[in-house]
Amino acid sequence: MSRRLFTSESVTEGHPDKIADQISDTILDALLREDPTSRVAVETLITTGLVHVAGEVTTKAYAPIAQLVRDKILEIGYDSSKKGFDGASCGVSVSIGSQSPDIAQGVDTAYENRVEGDEDELDRQGAGDQGLMFGYATDETPTLMPLPIHLAHRLSHRLSEVRKNGTIPYLRPDGKTQVTIEYDGDKAVRLDTVVVSSQHASDIDLDSLLAPDIREFVVEPELKALLDDGIKLETEGYRLLVNPTGRFEIGGPMGDAGLTGRKIIIDTYGGMARHGGGAFSGKDPSKVDRSAAYAMRWVAKNVVAAGLASRCEVQVAYAIGKAEPVGLFVETFGTAKVEADKIEQAIATVFDLRPAAIIRDLDLLRPIYSQTAAYGHFGRELPDFTWERTDRVDALRTAVGL
């Protein structure tokens, strides 16, 4: 078998782009909480001392946007100018208009209803935009996620945990992780390299304090957790690089501007699967960029959980204002246990991929999105993450004749 290295990265909740994602989704949640039919497209730009929120919203709800922005920044941990940003004193600028009526007419009354006269209630809502979305699953981890992004997210989450609980009190909110795994064919066999970069206080020695603390309190506990989860991976002699550029005192929005939607590979599968290009945060579920990508994860995960394939990638495509998808494609990378066309037919039979049906089946009109905005939208089996359920396994197996 051919050996290869594959790398994925993650970032902490204090990374500037992730701050922007979390702000956008916090605003979305506030609007959905009061008006579940809210149409929301909110973008956030954050830079030194300033947050700018812009977008289009149609809603009956009221949200104190400036206060929501400040509260989220403080919750993340930026509460002092010494850390490069202070949510209590930063400027907040808001420029929000209403959704274009040209877009609204296609979402409110789909092509099937408007032109073809279809009376099906689920055909009344059209896709909020054209586009293509991918979902992916693989059996290399218990959550059916690729191992490199799975471990990278676990490391970045723990990096924030040890900062917040005081285990490593001199850490600051901004941070990144990166994991390189060696594969033998399609099987993950060895951990090659871990990179951890974390913002820190000014009086810290990297070699005698930061690097040993990161190894002891961040990396090693997560490697043990892999074993506890039944993941067999050779970790002896892996390379650990901690802050390889040197000191990392200036971080967060002072170090780099942040923008909603700039971490779409981190949000999904770490580069292991294809991506249609649409970001998630700040968008209500009428936007298929988000809801259909969640549905495709649901589909792919159920295919793998059903034992129909070891790896599965599913693509769906929509035309703006039309309810039915214009395309569905399934790739199993030679791992299918039944004929590939049977899997595609089973998906079309078992899953209704019209936007209104996705919203109904995954219960997406709830204020659940702020918790998706850091550490990955997929692979975290939280109660609100309905797209992580494997509730269509039996139906898929029946549909293919197993």
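For all residues, glycine too, the Cβ spot is worked out from N, Cα and C.
Segment annotation: Swiss-Prot labels region 'Flexible loop' over residues 99-109 (candidates 11-21, 99-109, 198-208). Of all the binding-site residues listed here (H15, R247, K287), the one with the fewest other CB atoms within 10 A of its own CB is R247.
Within its own chain, K263 (ATP binding site) has V11, H15, D17, K18, D21 as residues 6 or more apart in sequence whose C-beta sits under 8 angstroms from its own. Cβ neighbour count for E43 (K(+) binding site) (all protein chains, 10 Å cutoff from its Cβ): 21.
Looking only at Cα atoms, G175 (ATP binding site) sits nearest to E43 among the binding-site residues E43, E56, K287.
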